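Colleague: A single structure is presented below for examination.
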């Protein structure tokens, strides 16, 4: 599975540092879920204003959120493009502090969460949530991306 990253945030954030982690996550999900390697998606890092506008305009929810995914598959027609996800940089920073773990862990969590939404996973129902969150934890733990403040199990 391939992806395109765009960084629309004017900050010191450099997504290139995390590109290797994103590749590891996408590859592991591809293997676990048997996703064709020709499928691809876009991930956009945006500011609070942009994500609130997207949330308001496309979801009728007028607030800042952390990640929004738009899956392009409708269940009948499968296209090479899985969809697009938008991650709010400032929410990554704030939530990492709030939850007491690293920026890397929060960023990778939201990337994984958004990608699973693109692949049809959801967490509206309790059973769906167990499956999706279980898979998220499995992926992140397998890659040693944990809730530890240093972002790994050993320190």
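Backbone N, Cα and C atoms are what each Cβ position is placed from, and that goes for glycine too.
Below, the features straight out of Swiss-Prot:
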type	residues	note
BINDING	113, 117, 123	Zn(2+) binding site
Colleague: For residue 113 (Zn(2+) binding site), name the DSSP secondary structure in the helix/strand/coil scheme.
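Modeller: Looking at the DSSP assignment, residue 113 (Zn(2+) binding site) belongs to a helix.
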Colleague: Within 8 Å of the centroid of the Cβ atoms of 113, 117, 123, which other residues of that chain place their own Cβ, given that this set defines the recorded Zn(2+) site?
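Modeller: What remains near the Cβ centre is 67, 69, 114, 116, 121, 122, 132, 136.
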